[in-house]
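Notes follow once the structure below has been shown.
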Amino acid sequence: MKVLVVVALLVTLISYSSSEGIDDLEADELLSLMANEQTRKECIPKHHECTSNKHGCCRGNFFKYKCQCTTVVTQDGEQTERCFCGTPPHHKAAELVVGFGKKIFG
């Protein structure tokens, strides 16, 4: 019973301190947070071309997408590099395992 009371008290204190922390944000901090959100929205989505900006891919569910490049040969015989944002195979495997674990354990 004492442990339950102590845990409830700790949860109350933590939630109170975190709510005060949110209230203490100043307008400048809010503007910088909004600017960060804007730059996050300007990232390159999955399956879109990232040839000119190889580090600008968005985040997926668990990992950031990687810019994956291939060499394309045109009909003229010229080789060009084309890149797209995608999920690497090892990240796909990790997401599959996590998704399977969530289904099993709830």
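Quick reminder: no glycine exception, Cβ is built from N, Cα and C everywhere.
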Cys69: disulphide-bonded cysteine as recorded in Swiss-Prot, out of Cys43, Cys50, Cys83, Cys85: Cys83
The one of Cys67, Cys69, Cys85 whose CB sees the fewest other CB atoms within 10 Å, among these disulfide-bonded residues: Cys69
